[in-house]
Amino acid sequence: MTDLEKELQDALAQVKTALAAVSDMNALEECRVRFLGRKGLMPALMAQLGKVPQDQKPAVGKTVNLVKQEIQQAFDDCGARLNQDQKTASALDVTLPGRQRAIGHKHPINLVMDSAVAIFRRMGFIVADGPDIETVANNFDALNSPQDHPSRTPDDTFYFDLDQHHWLDPEALILRTQTSPVQIRAMKAQKPPVRIICPGRCYRRDTPDATHGMSFHQIEGLYVDQCVSLADLKGTLAAFAREMFGTHTKVRFRPHFFPFTEPSVECDASCIVCGGKGCRVCKGSGWIEIAGAGMVNPAVFQNVGYDPDTTTGFAFGLGIERMAMIRYAINDLRLLYDNDVRFLHQF
Ligand code: DAH
């Protein structure tokens, strides 16, 4: 190998080492000038080709061509690598702020449910739970519901096993029509005093419209002790309404009938939209019904094994959908179940 050939191989090695360290286009250009530029290493070596003896020229010329090709290839490869790096770098810009993941939020039904639970818990009630699938015994019989009540028929209530049980059979299984059976479960499980609330889902064979669904939510309340009075019930619901709908909210009781309470009442809150003057939301009356309630019927105490002569208590059942409609001024309950995120995002 001639000296020139050695120098050429050496130059190629230098080029490769230099290019391996190149990390941007400016550095690449510097290399190009250093090795291939007019005053660079390669033209200097090429200039020596003329001094090579005639007989060695073909062999040296071949080496020159090979080295030139390899050097060109090394520059091309380096350029391609930089391009690729740039593409990857622009795809992953680590200085960009992180992408926010939409985590959603609570459904308006749950928002109202959670507020109601929080308010009653502050008053000392604890949350009790019961199954959505109930027995006729718990949902109707123990609650003193008369056998001829129309709500018990399969036209009004979802039964599971009518091929095995008559719908009056205490063991027949249904989708609970109210949260009141949780009262029965709670009282059977413990002695007084009892102070529970039970938020949950109920089911009825209603034709859905703006104010009815075949499934809806209630929050049941039960307070059993000695010397509990209707005044305690009213005070509790009044305090609840003020917390839930605003400090100026008033409540009123209207006489009603429920088999499991005696006396029974329906509880209205003063309309939060018009403050009681009368508007479209309260249909001009100034009041909006929020709960059924009353003093626990001694027959119910008897059914759960409590002494009906010495035990007293009140109970109530609040409609969650109704409260959501009042709180958020929603005029059709079905909107709550359509699951259109454009609607749900507003709450
Ligand atoms: N269970 C009743 C209903 O679904 C609501 C109710 C009324 C619950 C009076 C009660 C009560 O606990 O005392 O219509």
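A Cβ is built for glycine as well, from the same backbone N, Cα and C atoms used for every other residue.
Annotation comment: TrEMBL describes 119-346 as domain 'Aminoacyl-transfer RNA synthetases class-II family profile'. Taken from TrEMBL, the feature Mg(2+) binding site applies to Glu262.
Sequence-distant neighbours of Glu262 (Mg(2+) binding site): residues of the same chain at least 6 apart with a C-beta under 8 Å from its C-beta are Gly294, Met295, Asn297, Pro298.
Confidence across the domain 'Aminoacyl-transfer RNA synthetases class-II family profile' (119-346), taken as the mean pLDDT and rounded to a whole number, stands at 95.
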